[in-house]
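Visitor: Pulled these features from TrEMBL for this protein:
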DOMAIN    42-254  domain 'Ion transport'
TRANSMEM  48-71  transmembrane segment
TRANSMEM  77-95  transmembrane segment
TRANSMEM  107-125  transmembrane segment
TRANSMEM  145-164  transmembrane segment
TRANSMEM  171-190  transmembrane segment
TRANSMEM  228-250  transmembrane segment
REGION    290-313  region 'Disordered'
COMPBIAS  304-313  compositional bias 'Pro residues'
Amino acid sequence: MTRQNTCSTCFIRMPMSPFPARRPWQRQCYHIIFESGTRAGRLFDTCLIVAIIASLAVVMLDSVVSIHLRFASHFQILEWFFTLLFTVEYGLRLACSPRPWRYARSFYGIIDLVSILPTYAALLVPEVHFLLDVRVLRLLRIFRIFKLGHYLTASSQLTAALVACKNKIAVFLLGVTLLVIIQGTIMYVVEGPVHGFTSIPQSIYWAVVTITTVGFGDMTPKTPLGQAIASVLMVIGYGIIAVPTGIFAAEFARVPDARTHGSRICPDCHTEGHEPDARFCRRCGSVLEPDEPDETGPADVAIMPPPATPTRR
């Protein structure tokens, strides 16, 4: 078989781009809003975080009666400004996302929607004015900061360490739960209702307060045996605080370095942290868009050819 015939029978079916029929402005908007590999993307994320923090400051200050009486109108104007700003941002996310419905059902999509609905709901139905307090959920949108370069690496490592030690911490918390139940029951028998330990649940509450070294002081043992048990429980509390910290630190030390992860996001499932040379999503297998060139990237370095080696005559 000739080379020409061999090549004519070898066809590679390449996957289609996730943006087959989208306009250039949608493509550019996607790179700016959903990714942070360019200067524009990082600037957009930073401005979004500043707007979220400012809107939360307005919500908190508006809850102070003395401040509300003086600046109620100003707070109302600012609230509508932030609400319209977040509404435009939510609309742009839906417009430039290849899968708008999937984004709307995602965690961040629901949070984005919930952060703007209370203001419109209070305007249309004044009886549900109490829903304005739900605006504090905008704080959850601050987690978008994890898309910014080095923060993405740190968050990936912390998440991996927490997942790796979840079983050990679960067993440890089960042991602590059994300990406080036993200690609370013993204190109920030793002290009794006369000294304020009126029931086993009430005694368990005292054990939790004591073992965490909080010590509210609303319930205190009066008998020598009860005081001895409380002293032992408080000493155990310091060890209980140190154990999960050590478990997490050990697992965190085993997490491999993830500094090679890029900032690209899957257009279908919105998974982050792909390798720089990855072509497909590591979670759903969808085709990844190539990174936009970064204006702040390092300058090209001229590579000089090695000096010629003199030949011996």
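Backbone N, Cα and C atoms are what each Cβ position is placed from, and that goes for glycine too.
Predicted automatically and left uncurated, TrEMBL annotations should be read as such.
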Visitor: For the transmembrane segment (107-125), what are the same-chain contacts with Cβ under 8 Å, counting residues 6+ beyond its ends?
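Guide: Residues 79-80, 83, 86-87, 89-90, 93, 131-135, 137-138, 140-141, 144, 270.
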Visitor: State the residues, same chain only, that lie 6 or more residues beyond the ends of the transmembrane segment (171-190) and have a CB under 8 A from a CB inside it; answer 'none' if no residue qualifies.
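Guide: 197, 199-208, 211, 221, 223, 225-226, 229-230, 233, 236, 240, 243-244, 247.
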